[in-house]
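Undergrad: Relevant sequence annotations retrieved from TrEMBL are reproduced here:
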- 6, 7, 8, 9, 10, 11, 12, 13, 66, 120, 121, 122, 123: GTP binding site (BINDING)
- 13, 45: Mg(2+) binding site (BINDING)
- 28-47: region 'Disordered' (REGION)
């Protein structure tokens, strides 16, 4: 099981829908690229969404709404991987996201989970650079102190930038972690 977590409005639902769109394209073309078309409509998730991504094996992604932050820990059991999404265009939300991430990294049930931090919305003109974000949340220190294996990637769920890297990470992580 893969958990997809992040604050409200960071793009979690769009990410899952785009991953479902990009996978068939990647399997049917040599380079996996091509126009993804207009982004599908989304609504804020209130509760949880389960989505299966089937590549080399079935990967179930459980997306939890940002408003469910206080009870995320109820879903940590059987979590092999964690996608944590941050809105790179919203500096006022960054400190709250950092607090959420610290809570996730310190949770005993997630000590063995692989973590992919997604810096989303890099297509917007007001996005913070990865260097700015890493500095503001002291990411090198977080990575050095965390028990988990942490990877980061910049994405645009809206345009599809970086999604093939996310899919590759999911495949690699679930190939080894089951």
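The backbone N, Cα and C atoms fix where each Cβ goes, and this holds for glycine too.
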Undergrad: Between the binding-site residues 12, 121, where is the Cβ count within 10 Å the lowest?
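TA: Among the binding-site residues 12, 121, the sparsest Cβ neighbourhood within 10 Å belongs to 121.
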Undergrad: Between 13, 45, which of the binding-site residues has its C-beta surrounded by the fewest other C-beta atoms within 10 Å?
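TA: Comparing Cβ neighbour counts within 10 Å for the binding-site residues 13, 45 gives 45.
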Undergrad: Tell me the Cβ neighbour count for residue 10 (GTP binding site), meaning other Cβ atoms within 10 Å of its Cβ, over all protein chains shown.
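TA: For residue 10 (GTP binding site), the 10 Å Cβ neighbour count is 25.
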Undergrad: I need the CA-to-CA distance for residue 8 (GTP binding site) versus residue 45 (Mg(2+) binding site), whole Å please.
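TA: That comes out at 8 Å between the alpha carbons.
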Undergrad: Based on Cβ atoms within 10 Å, give me the single least packed residue among the binding-site residues 6, 8, 66.
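TA: Counting other Cβ atoms within 10 Å of each of the binding-site residues 6, 8, 66, the minimum falls on 8.
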